[in-house]
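Colleague: Structure incoming, see below.
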């Protein structure tokens, strides 16, 4: 009669396998958390569906922008998306006095910036993308109509949290001051201001990111190595 013996793993090998399994699970949790943080930025369309508009016939803003801002959470690395026309302006300032005065007449070039694409024609569609690069109070308004638009509701304040901090693409000084449009009529000034596209910089749009690919490759390599060690 042939006796078949089942060889059981030594307790040391079982303990090693259990330890390796726990390590793999811990690495999985860390990598998933890192991937989530790397893509945790938001594009905020100012005014929602109403956009950034002023009704000249009624002298009213398209919506209550203060109420809109109160229902949002803003963090470093997020973008404000102004869907508007050249009939309005977009002023960004960190100076509360400039904001309350509804004018940039006495504003400093270091704390107040104007975005309008350099286009001097009215009724031209415009999309302005403004990155949030400074933590704390940020103020926005339109100074068109000698400040009337601002006085009639086209102004709002936001508080920017630290959140995940600035992504590498935005870890630089604030945007430069407004520059006059080129005088050569043959040149067509841009109708969109963007330091860089938010969908490319902060990955707020849904899609595969370079960071995600690197994390996946790292996870695959670590898991393969540990599985080799286990067996």
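Note that Cβ sites are derived from N, Cα and C of the backbone, with glycine treated the same way.
As annotated by TrEMBL, compositional bias 'Pro residues' applies to 170-179. TrEMBL lists 185-197 with the feature compositional bias 'Polar residues'. What TrEMBL lists as domain 'Phytocyanin' is 42-162. Taken from TrEMBL, the feature region 'Disordered' covers 166-197. The transmembrane segment feature in TrEMBL is assigned to 212-230.
Context for these features, please: burial, neighbours, distances.
Modeller: According to DSSP, the domain 'Phytocyanin' (42-162) comprises 19 helix, 44 strand, 58 coil.
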Colleague: When the pLDDT values for the domain 'Phytocyanin' (42-162) are averaged, what is the result?
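Modeller: Taking every residue of the domain 'Phytocyanin' (42-162) together, the mean pLDDT is 95.
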